[in-house]
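Down below is the structure, laid out as structure tokens.
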Ligand code: HEM
Ligand code: FES
């Protein structure tokens with residue numbers, strides 16, 4: 001080894017020359033080539049890679065939209081219509097971006113659900129999990145501001161209602177809202193800054209994704225059994241095993257994505273957003289985009305303004321402390337006979353909230369939202385802490401290899417191993 | 001930010017060389033003082049440069065300049081209402097009927113969530129001038145047109161989350177915390193008001 005040069009194992013002279021001076025190839029080889037990965041991943045483990053691809057799709061389509069978009073209240077709506085009608089393939093780029101936001105939330109929600117079902121948030125992956133929650137929050141902010149850009153009725157009134165949430169903060173609330181607006185209502189200064197931030201935040205997300213992956217590569221991946229790999233017999237090199245498995249998922253993902261874009265591009269949207277923004281008339285029934293509905297339902301379930309706002313933000317903030325609310329040492333719900341069902345119920349309950357969020361604020365939806373909100377929080381604050389004390393988990397398999405190489409499930413041999421004691 | 005300014009002295013282990021010297025450990029060293037001074041200086045500097053950026057997001061001078069709007073009341077018949085724009089927001093100007101005024105005045109203050117007498121909310125009877133912005137999350141309530149739903153108290157009804165306002169624009173039911181705000185305005189003649 002020449003002094004000061006990295007000891008590269010690549011033989012291609014060009015690659016080797018670069019790698020000796022800046023070992024990015026060695027790093028990629030280590031982190032994505034030979035990286036030891038549990039051998040028992042199921043398809044839920046595709047969704048991280050899918051989210052990464054989705055982010056790249058959003059940035060690529062967004063940059064091309066920005067070339068034709070005008071961030072001014074009197075021009076924004078028309079500039080988007082021009083993208084749709086006159087710009088070559090503008091319709092395609094916009095529909096990919098628009099539906100890409102929905103695909104992003106589908107993918108990330110499944111990814112988060114996977115983490116909750118298989119206990120990926122537990123030690124030692126707490127920080128990894130919390131970085132994920134940060135990404136989720138940034139995505140929500142980005143999507144919210146993007147939805148304002150076309151300056152339709154839903155853009156305008158969505159922006160009005162959401163920015164007004166901050167007016168619930170005691171004392172400084174109104175000043176904060178004026179600061180967000182840059183005026184006395186949602187108007188041109190608001191649109192301009194939202195465009196600026198909408199362009200910026202995806203790159204911030206990319207930065208946090210980098211940290212998320214960096215943290216992942218310290219702890220290694222969790223897996224459907226929720227037990228740590230104990231040696232080489234439990235893992236496979238990431239490439240080619242999981243590059244191939246991810247590719248299968250990516251193809252399915254693009255099929256679903258293409259179906260939305262080409263056959264029902266407006267299915268997940270709202271027709272009122274094709275009406276230009278009118279600050280004097282609120283649409284009779286305003287609803288946020290589908291991915292905000294569960295949280296919107298929580299907001300409306302509380303009959304007090306500040307309370308509703310706190311509960312809504314709290315419903316996401318609580319995910320930050322999930323690793324400390326669930327003290328059960330068993331990660332995977334496969335081995336938690338009670339938690340498993342109560343978590344599946346939580347999942348159904350999430351969809352109930354989503355449904356109620358899209359309905360008018362009337363009975364019976366108000367009462368249903370209240371009960372669902374109670375269960376949403378109850379699961380985290382009561383059920384999980386309690387189960388850590390009283391639930392008796394099923395016996396864990398001795399190792400990943402033992403469990404998966406001799407035909408699935410816990411082995412008889414492993415079953416006699418100590419049943420997990422309570423924490 | 002600030003503590004990166006003195007990296008060479010930031011670890012307590014380094015302090016041994018100085019702390020064990022002429023000064024007692026309790027006394028603090030010259031370096032501690034320099035660290036503190038440099039740190040506070042940097043913190044103030046950062047604060048001073050952050051404020052212009054934050055304040056640049058507040059309303060600009062031209063936005064603040066769009067302050068007042070004149071409304072001619074003559075064409076508004078009794079029972080009718082008009083909506084005018086002021087600072088980008090709708091303002092409701094309602095020529096209330098005698099019955100509506102009487103209803104507004106008859107409500108005992110104890111029944112109100114945000115107690116305010118009708119007389120404290122109007123300049124001259126029967127005119128009611130309020131911001132057409134729901135105090136919940138900012139939607140424009142219905143009730144300006146005679147065909148609109150006006151809610152259970154004959155004033156306005158906000159469709160977004162169901163707030164009901166009475167004929168004085170006071171919140172009576174629903175999630176909104178306060179009455180519809182009364183903007184600053186004055187009568188410039190018997191048939192003319194200036195808002196703002
Ligand atoms: C995290 C990634 C992103 C998400 C979730 C996202 C989301 C959205 C959403 C929901 C819309 C509204 C679509 C519609 O209803 O028309 C939108 C519009 C827009 N976005 Fe993004 N976006 C992302 C990244 C970007 C980036 C990186 C750029 C620019 C470089 C960008 C530029 C635009 C533009 C110009 C529009 C307005 C045109 C339109 O409405 O179609 N986006 N975005
Ligand atoms: S904005 Fe009027 S009730 Fe919520």
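The backbone N, Cα and C atoms fix where each Cβ goes, and this holds for glycine too.
Feature annotation from TrEMBL assigns transmembrane segment to A:43-71 (among others).
For the transmembrane segment (A:92-113), same-chain residues at least 6 beyond its ends with a Cβ under 8 Å from one of its own Cβ atoms are 44, 47-48, 50-51, 54-55, 57-58, 61-62, 64-65, 80, 83-84, 132, 135-136, 139, 143, 146-147, 253, 256-257, 260-261, 265, 268-269, 289-291, 319, 347. The transmembrane segment annotation in TrEMBL covers A:92-113 (among others).
Per TrEMBL, heme b b562 binding site is recorded for A:97, A:198. In sequence order, A:62, A:142, A:145, A:146, A:149 make up the list of same-chain residues 6 or more apart from residue A:198 (heme b b562 binding site) whose Cβ falls under 8 Å from its Cβ.
Its own atom aside, the Cβ of residue A:111 (heme b b566 binding site) has 21 Cβ atoms within 10 angstroms in the protein chains shown. Look at residue A:111 (heme b b566 binding site): DSSP puts it in a helix. Marked as heme b b566 binding site by TrEMBL: A:111, A:212.
Taken from TrEMBL, the feature transmembrane segment covers A:128-149 (among others). Residues of the same chain lying 6 or more positions beyond the ends of the transmembrane segment (A:128-149) and with a Cβ under 8 Å from any Cβ of it are 62, 69, 71, 76, 80, 97, 101, 104-105, 108, 111-112, 115, 120-121, 155-156, 158-159, 162, 186, 190-191, 194-195, 197-198, 201-202, 204-205, 208-209, 211-212, 215-216, 219, 273, 289, 291-292, 316, 319-320, 322-323.
Summarising the annotation, TrEMBL assigns transmembrane segment to A:161-184 (among others).
According to TrEMBL, the feature transmembrane segment maps to A:196-216 (among others). A Cβ distance under 8 Å defines the sequence-distant neighbours of the transmembrane segment (A:196-216), meaning residues of its chain 6+ beyond its ends; these are 51-52, 55, 58-59, 62, 66, 125, 127-128, 131-132, 134-135, 138-139, 141-142, 145-146, 149.
The feature domain 'Cytochrome b/b6 C-terminal region profile' is assigned by TrEMBL to A:228-398.
Annotated transmembrane segment per TrEMBL: A:248-268 (among others), in sequence order.
Annotation source TrEMBL lists transmembrane segment at A:306-326 (among others). Nonlocal intrachain contacts for the transmembrane segment (A:306-326), taken as residues 6+ away from its ends with a CB within less than 8 angstroms of a stretch CB, comprise 112, 116, 119, 121-123, 125-126, 129-130, 133, 136-137, 140, 165-166, 168-170, 294-296, 298-300, 373, 376-377, 380-381, 384-385, 388.
Feature annotation from TrEMBL assigns transmembrane segment to A:338-361 (among others). Among residues of the same chain six or more beyond the transmembrane segment (A:338-361), those with a C-beta under 8 A of the stretch's C-beta atoms are 113, 116-117, 285, 287-288, 290, 292-298, 300-301, 328, 368-369, 372-373, 375-376, 379, 383-384, 387, 391.
What TrEMBL lists as transmembrane segment is A:373-390 (among others).
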For residue A:212 (heme b b566 binding site), the number of other Cβ atoms found within 10 Å of its own Cβ: 22
Reported mean pLDDT - the domain 'Cytochrome b/b6 C-terminal region profile' (A:228-398): 94
For residue A:198 (heme b b562 binding site), the three-state class that DSSP assigns: helix
Rounded distance in angstrom between the Cα atoms of residue A:111 (heme b b566 binding site) and residue A:97 (heme b b562 binding site): 20
Rounded Cα separation (Å) that holds between residue A:97 (heme b b562 binding site) and residue A:212 (heme b b566 binding site): 24
